[in-house]
Each structure stands twice: as C-alpha cells, then as structure tokens.
Amino acid sequence: MSSNSKILSVLKKDIRKKKQTSTPTETSDVLVDTPYTHITVEKRIVITDEQIKNELKWGKGAYIGGGSTFLKLKKSDLTEREVSNTDINQRAIGNCSMLASLGSILKQNPSFINEILHLNDDGKVEIKLHNIVRDEDAHTITDEIITYVLDATKLATIITDAHTHPALFLLEKAYAIHRMLTNTVSKNEVSKLAGKTRIISLEIATHPAQTTEQQFNVPALTYRSSLKGGSAEMVYGALLGNSGETIGLVEISPRVNLATIFENFARGILISISHVTDDEITPEERLQPIKKLAADVLGIPNDSQGLQRQSREKIDLFNQMVERLSAILTHMPRAQAQEIKKLAGEFAQLPKPNVQDIHKLIDAIFSGSQNKDIASKLKEYVFNEISQHQRGTGIYTAKQDAIFRLLHDSLKKTEVVASVSTSEHVGTSQKKGTHGIGEEISKGLVGGHYYEVVDCYERQDKEGKSLKFILVRNPWSETAREYGWKGKEIDGETITVLSAHKKTHLKTPKESSPRFNPVKEGSSARGYDEDTFQTEFRGKGYTEIELTDFTKRFCDMTIATIPPVKNPEELTPAPEEEEEETVRHKR
C-alpha cells in the first residue's frame, strides 16, 4: 500500500470513529444531571500509642536500625507560639504533598490549625480530618468528619522530618493513621507488600452518640510508607473538607502541536493531489482536515457545538478560511505539494524548531499574495499559542498568560491557597538530592516534588520591561533556583535570556539576578511589597520561578479554599467532656 493510501485509510477510520461517537444515544441511556445529596457524618476514634505499636507495628524496632519510637511532647511546647509554614522541614519521609499543602494553609492563615488540632487536659490531642466519599450510584457526597484522639507523642525515626514545631509531628501522625483507615495510602507502596496486611480493631462513636466496633484490614505499611506519595487534592480534602481544583501546567512541545495541525492539513493535500474520486470520499470528508486546521488556528473548541458558540465575526472568519484553504488545495501544483511534504518531514525531525523554521513551512504552504492573510494568522497563532519563548524575554504564550491570571486572581482572595508539583524530569543536568527520598535535582528544582505557592507578581527593570514570577516554597526548607542574565545567539542574533543554577538558599540578589529588579507596584497578588520579599522570603526554601519555567517544569497546580475560621485564638485545650461521652469510635 502506498503512503498516500495509508494516510487516506487512517483518515477514513478517523472520520468513521467521529461519526460513531457523535451518534445520539437512546433516551434511556442519557444521564440526568441531578444534583448530588451532601451528607455529613461525624465520627470519633480514640487510638492509643499501645494500639499503634501492637496492631500497626509502628513505634517498634531499633531506632538506629531504621525503626521508630514514640517521643512525648510537652504541652508548653505546643502552646508557647503559633505554628508557621517555615516550621516545616521535610527530610527523608516522602510526604511533600502533605507538607507543601499544609504549608500553604499555615502561611495564609496560621489560626486555621486551631480548627483541626486541640489539646485536652488529660494529655491527649484531638485532630479533626475529613474523608470525602462520593457514591455515584446513590448520587451522594458524604463528608466524614473524623476526630482522632491520640497520645501527645510523635513517631520518630533516625530520619524523622526536622520540623521546628511539635504540632506538625502530631498532624503527620494523625494523617498517617487517617490514610490507613480510609484506604488512601500510596498504591505504589502497597504493591511492594505482596498482599501482606494487618488487622486493627477500633471502636467508633458517631453523632448522635452510638458506638460500634469495627475491624480494619489495612496494608502492613511502615509509618514512613503510610505517609509517602499522595496528592495535593487528597491533602486539602483531608484538612479543609474540599479538595480544590487541579489544573495541568505542562506546555506541549511546539513540534508536537504543529505536527498535529499540519498533519491534518497534509492529509488534505494528499487527498487533493492523489485525485481521489468523490465516490471514494465525500465532499464533507474532504473538508474535515481543512476545518480542523481552521478551528485550531482560530481557537475554536473541537466539539459538535464549538462553532455554534462563537461570535458571528469568528464564524464568518472560519468559513472564509475553510473556503480559502479548500481553494489552495484544489489548485496546488503537484510539485509544490511534494515540496511541502518534504519540508514537513524535515520539520518533524527538528529537536527544537524555531520561529524561522515554522515560518518557512507556513510560507511554503501559503505562497502567493492572495494567501498572506492566512499565513499571517497562522504565524500569529504559532507565536501566541505554540512557541515556547526563551526564558527571560518577557514574551509569554496566551496559555501562560491565562495560567498567570488565573493564579493571580485566585491568590487575591485571602482564603485561597495553592500548591504545585514538578514533573519527574525537571532538566537535563539532574543529580540525586540528599533530602526527601532521593529525588532528582536540576539547577535547584526538585523533580517529582510538591511546592507551596506563596504569591505571583511581576518584576520590572529600569527600562520598563517586566517578567512574571511565582513565589514558591520547598518543604525541605532549602534548595532553590536562582537566575542570572546571559547572552544567547539565536538565528544569528544575540538576545539576553535567563540561565538557571542551584542555590541552597536565596539571599540578597546581585545585579546579575532578575530579583535585583523591584516588584512592580501593585502586581503582587497577596499585596506584598519589595521589603517583604527581601526580608521574609529569603532562605527557608523560598524560590522565585519565572513563568516560562513554571509552565515548563511544573505539571499540576491545585487551588483550594480555606473555610471560615471559628477559633482564631492560639492553641488551647479542648473543653472537657463528660466521661460517658468520651467513647472510642471508628469509621
């Protein structure tokens, strides 16, 4: 089979598939968008260190040999000062998702911890966490509010996190138990156990007071393993009662994007020059790749109602572009089509196609004065939507600007918090880190890692040029990315861009750093001024990420909302309860 025939065959299959997926379903199969019923269930579970030791097997084993032990915490240590995000110091427990998300809450509203952590006069601590259960069949969403009553101890190992406030160790302990009992531990960690489990029996008290005993069959995980992995959505759900919204950030390679666009157009070229008859392919099928290209360029969603939702002006432009593209294909000389195919093949092999390469391909396809408007539209689309501009130029794609605006508008609200995660691969020069669980580090960025989001803003130089930044904090409390200016030759022209390198801590910036330029007045979403950046946000794991890096190296951003705080005062003991009401309970 010739290459033309192969592509034509694929095109026909694509069209048949689209026809099948767009076929209306029977009325009985249509899902009715009925609202979910929200249910709140309160539970109270008392778990002693003795139970944890005997049934979960935590707190046993040689401390030096990698086991864990219980260390009692003093009440005065918990109440003498307010806990802050900079008290978080992750070491070799892989719970960055928990610590980054918790840090974002503590930075924005330290008093919120009083909503979930209370001290009792009897030395016990109460920690309230949420388990959101969504039942698709029953169409219900149940918020299980579980209060864990624990001994005021921390589980310590030779590589325990180095937090500087005891409340953080208590939250880690409660969250580890919570994940075990709600079956939200890391599937990867569970897979290493070869099916080994443990049984823990607990009494659960619900509201109104009703006590039942339940046995839990939980994975035989160590304390450290129970905390590993997870997501920001999971953590926010447990701490706030809402998991927030996660937005993908990774920019698609421009070559991949353009390959998809021009592949569709190339199919149309091949159909035209191979003289396929109308009884082999319908006129509508012939127009499919042309319409797809026009929709991509004009930003029209690829769904059945995408065009209908557009303005009359855009619909007219779409129709004009389809008509012009169709005419180009119909009258294109075979030699020109073959040249385009050749250029497209060469383009697909380029590791990093630049704007000039892209323009060359576009000009070859849309040669002739009558097609300049289409070529111009395509180039504008490539520049604004696809090209990954050099870091430090201050030129951003429409998607990058949209992400920045979304985050900026969100962080303007005092109750909104956010955290972000990096891809496993964050650069070409990767080395193993000494913190966390040995993640790869490239020029100060940690791969497969969560960061707390603090602010987003612009820095402006004397000439008025602005760069956009996102301030994040590494829960390690160290390891940051610093930038410096350098000249780079691109297509025979030298431009100034940003290079990146690793720093243990960001300190007072040198003139060669973009941080030397002040924060543009009024640009900070949180309302911070330059003095705050130069004093509070130096060291302690804080790092400023330029927007181009942010969308390239970070993969997901989760935004959540802190519910209203009822008890803004400092940590205080919880009210004493009647003895008969202090029942042990479990889910």
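Glycine too: its Cβ is placed from the backbone N, Cα and C atoms.
Quick caveat, the model's predicted, so the values are computed rather than measured.
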When TrEMBL is consulted, the range among 12-35, 564-587 described as region 'Disordered' turns out to be 564-587
For His449 (active site) and Asn474 (active site), what Cα-Cα distance in Å is obtained after rounding to a whole number? 9
CB contacts for His449 (active site) [other CB atoms within 10 A, all chains]: 29
Do any residues at least six apart in sequence from Asn474 (active site), in the same chain, have a Cβ closer than 8 Å to its Cβ, and if so which, in order? Val446, His449, Tyr451, Ala480, Gly541, Tyr542, Thr543
